[in-house]
Amino acid sequence: MTTAPAAPAIKAKQRPGDRVFSTATVVSGSLILVTLAAVAIFLVAQALPAFTAEPTAFKGDAENFWQYVGPLVFGTIWAAALALLMAVPVAIGIALFISHYAPRRLAQALGYVIDLLAAVPSVVFGLWGITVLAPAVQPFYTSLTEWFGWFPLFAGPVSGTGRTILTVAIVLAVMILPIITALSREVFLQTPVLHEEAALALGATRWEMIKLAVLPFGRPGIISASMLGLGRALGETMVVAMVLSPAAVISFAVLQSQNPTTIAANIALNFPEAHDIGVNILIATGLILFVITLAVNMLARYIVERRKEFSGAN
Amino acid sequence: MSLTVTPQQAPTGRSTGPIANTLTAGKLPRFAALWVLLGCLAVTTAFFVILAVASETGFNIAAAVFLGVVLYGVVIWVLSRVVEGTRKAKDRLVTALVSTAFTIALLPLISVAYTTIANGVPRFDLQFFSESMRNVVGAGGGALHAIMGTLLITGMAALISVPVGLLTAIYLVEYGRGKLKHGITFFVDVMTGIPSIVAGLFAFALFALFTGDPGIRMGFGGAVALSVLMIPVVVRSSEEMLKLVPNELREASYALGVPKWLTIVKVVLPTSIAGIITGVMIAIARVIGETAPLLIIAGFTTSMNYNLFEGRMMTLPVFVYTQYMNQGTDVQAYIDRAWAGALTLILIVALLNVIARVVSKLFSPKTGR
């Protein structure tokens, strides 16, 4: 290889076609930034009246906006956290199964099967949750309150329909499984093969190899995948709107018929009939949801970005 | 760590009796795990069959399989611990757990597919695809208006998102450098995480401010909301595909004196078109099932509406939702329609996915050799 001595840069001839095309691409790229800014600006503009609204404008017995949105924020985070708690261990298990346990030839097909879950529209999951899952788990809930009712989470009285926040969290967990699985699988497959072989050569069993080589390498990946799943669970609307029997309460009990609802579901249920200031209030809650998911997603992306620098895989 | 425990297992212990083959001593026979699994499943199945006969309830297959697998985990752990030692036992237990995790994920998938087909088929008839819900109370009626609305709104969304998304991807791969590129990449990622209902609220706020109508509902707004959700997906997938085009092709084109934009249009895009179309199809499949934003900005109606810019417009996911949530006197008719709509929706999504795979198979550039 010979490198030419620093020659004066030859300026390419600027043709009109080039200029039009490159401008078009820059404009489209900037359009994305503009859109994101517009989302924030328009939501704020429509939300402002809600912060100074009269106490009578709020449904229920909330005095001001923050009292109104409080239980909703709690419900949103609580449902998403429960879903995450269930989804992450299973997702890691599936990702390990596909990347390290399943026969090589089957692995890709099994990956597709899990991706199929992501293709099911949320409204279908809602329909399934309310007609199949809720009745199926209700007897189980009843025995849970009978045996473990002393534990605050499972306190009675049990819901007779099974339409509780735990059922919602189960459906949400199923919905965020594919995204967490797909991302963790990618990270697990990037584990340096030399590390794995070194562990095996030292006599480690397969589980010890995973514990020593794969999991430490994949930890940041698992964390960011979980955060992205959390972001999705926070914003999921239809399942919560259809399955949950809502109430404006802050309660950790997961098996009762009085459940805290989520911001998104509250908007979907009330928006069609809302008018005047009611619309502004719902948009303001949407703004809060936007801020929460934005924070979670940016944190996740930040972890991914930081990891890229030292992984060597990219 | 547990690696240091190994010496305790040295041949000093349990050497009673003759050992046939020292290499296979201290190991379970080759297919032991499989037989134990089958045995455990047989035991739990028998237990639940007896329970079903005794209490005259239905046979609970999910519980039988689940408890069978749990039992397998316990039995294989104990067995392996006795014969093979703690480390092997733990390994076998984890293998069982990981496989169980995969089966757990399959259960909802099978259940959703089964219930949708079983409940959707009764109303999956010609009437469902040829009539709207106008003046229908109780049985009858169809979802033609919803299917039409879904096609129009999703088509419009694709019309907006594909050019914008593709051009952005071209910018990121071919032109972009510095802060703007970094910013766009980051915010495209952030945009993927916008909750769908927020996209709907955004479209509503936008059009409510511009038209001055505080209760605005129109199909075009739905298309804008879906575009907000769709653009980042298109950008991501197209970007990946453009990156796969080898630099040699671009350099060969430049060397022949072809301008940059013609190189992109005539060389880069044709090479990656299969992957781009696949990505677009998958993006459409993702937004076509969105309910929340359309519920907000497109609203719902029972009549046909072909005009994207005026009036409420029904879409298939919203149809499913409203049929279920606003049941009339003849409850079963509404539920049947909801399931038939869900089945149609799933079939459309599946079809889009299949087309995507076929396109990527057929039109991807032939690699030499």
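The first residue you see is number 1, and the count goes up from there.
Note that Cβ sites are derived from N, Cα and C of the backbone, with glycine treated the same way.
Please treat TrEMBL annotations as automatic predictions, because they have not gone through curation.
Just so it is clear, the model here is predicted, and its values are computed rather than measured.
According to TrEMBL, the features are:
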type: DOMAIN; residues: B:147-356; note: domain 'ABC transmembrane type-1'
type: TRANSMEM; residues: B:31-53; note: transmembrane segment
type: TRANSMEM; residues: B:59-80; note: transmembrane segment
type: TRANSMEM; residues: B:92-117; note: transmembrane segment
type: TRANSMEM; residues: B:143-172; note: transmembrane segment
type: TRANSMEM; residues: B:184-210; note: transmembrane segment
type: TRANSMEM; residues: B:216-235; note: transmembrane segment
type: TRANSMEM; residues: B:267-288; note: transmembrane segment
type: TRANSMEM; residues: B:338-359; note: transmembrane segment
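The stretches the transmembrane segment (B:338-359) and the transmembrane segment (B:59-80) do not meet in space: the count of Cβ pairs below 8 angstroms, excluding pairs fewer than 6 apart in sequence, stays at fewer than three.
Highest Cβ contact count with the transmembrane segment (B:216-235) among the listed stretches B:92-117, B:143-172, B:184-210 falls to B:143-172 (criterion: pairs under 8 Å). Within the chain, the transmembrane segment (B:267-288) has long-range Cβ neighbours (under 8 A, six or more residues past its boundaries) at 150, 154, 157-158, 161-162, 165-166, 170, 174, 226, 229-230, 233-234, 236-238, 240-242, 244-245, 249-250, 253, 258, 316, 345, 348-349, 352-353, 355-357, 359-360, 362-365. When each of B:92-117, B:143-172, B:184-210 is checked for Cβ pairs under 8 Å to the transmembrane segment (B:59-80), B:92-117 comes out on top.
Using a Cβ-Cβ cut-off under 8 Å and counting only residues 6 or more beyond its ends in the same chain, the transmembrane segment (B:143-172) has close neighbours at 128-134, 181, 184-185, 188, 219-220, 222-224, 226-227, 230-235, 238-239, 242, 264, 268, 276, 280, 283-284, 287-288, 294, 298, 301-306, 308, 313-319, 337, 340-341, 344, 348.
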